[in-house]
């Protein structure tokens, strides 16, 4: 979709603010501005996917990202809970099976309910209407990429809408509801995350039943007369070619920013030539006065919904003259909703080493067993906690990593501590809630440097 911009030198504008993009960030920005008395318009357009899929207001997160993904993850967790229930005395007659159509219908109904309550909106004729505004905000996010160099990729595959972490999340819940699932990994899993933690996540997934084709590069996808899809790939470790057949092929090779159709080149809005994203300052300003950008469309920003929401609200307050507060992009927490969840905030061990040196950090860690796993006789060998601190008097916490049940809930609480400059001493002064997985974080006392056994013993 092409948006036309008009600079009005009379000082009279149709709107105080026009927001381009009706995703989580754009809607948060527009609603905040409206509450502050600004006259606001939101422009949203969803280009159909390669398969013709469209969706309503709310962007990737609501429609094809975080919300449906988490609900399907929950469906898989419930399947595991049913298996555990038998060990806890529940009498469950006969085999338990999962019905995809029931789950999909329920998830889609919830998503549609969010589309309805998100906002009241109206349609403008494309390519015709020109709106003027004192300030323009671009929050169009990105769209999933297809590997167009691979024959058959677009014709026979579909996309997750997100990145490699979502590939693992999708593989996890598909395995969890009983589907035979394989993840093909070109190089490493969870790029950008702590790689020790990534290894624990994928080790658990392999034990859970998910197959992995490591160091493999897909070569082509073909549809067989039977309707099955045959994927041919090259094994990077042996150099040999391999193939197998599947019912579906899902691509998770990243996202491309939605900038090409906006006519930004006509305004000389600076883009990063490598990524296509908009170059922004600390205040989300672009190279053109009165045009701002934030969220996934901006260069160097975390591609996370809560980050975009907060950045959008803060931008609206600044544009309305109600605040000067800038978005703080440090210590942003996140969670990967794989079968064994992984939550983190702050620096990975690799990044901490890069910034402070190996001798400049102290890593406290622990392997623990969730109480819920005991009666169910579940393997807890990948349940792990790592707290990375500066090595010195204060021992400021640089990063916190957690694999285990409810990782997002655990990490959210500790992320506030990092925002407040928490130290290892603060952690030890905190009284744990017993019996919980989170209490193991405040009890962590073994350092990697010591070489001692980090397994938690006792209750």
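Using the three backbone atoms N, Cα and C, a Cβ is placed for every residue, glycine included.
Remember, it's a predicted structure, so these values are computed and weren't measured experimentally.
Per TrEMBL, domain 'FAD/NAD(P)-binding' is recorded for 15-160 (among others). Counting residues of the domain 'FAD/NAD(P)-binding' (15-160) by DSSP class, helix then strand then coil, yields 63 helix, 24 strand, 59 coil.
Marked as domain 'FAD/NAD(P)-binding' by TrEMBL: 166-312 (among others).
Look at TrEMBL and you will find 332-443 tagged as domain 'Pyridine nucleotide-disulphide oxidoreductase dimerisation'. Within the model, the domain 'Pyridine nucleotide-disulphide oxidoreductase dimerisation' (332-443) shows a mean pLDDT value of 97, rounded to a whole number.
Across the domain 'FAD/NAD(P)-binding' (166-312), DSSP classifies residues as 43 helix, 41 strand, 63 coil.
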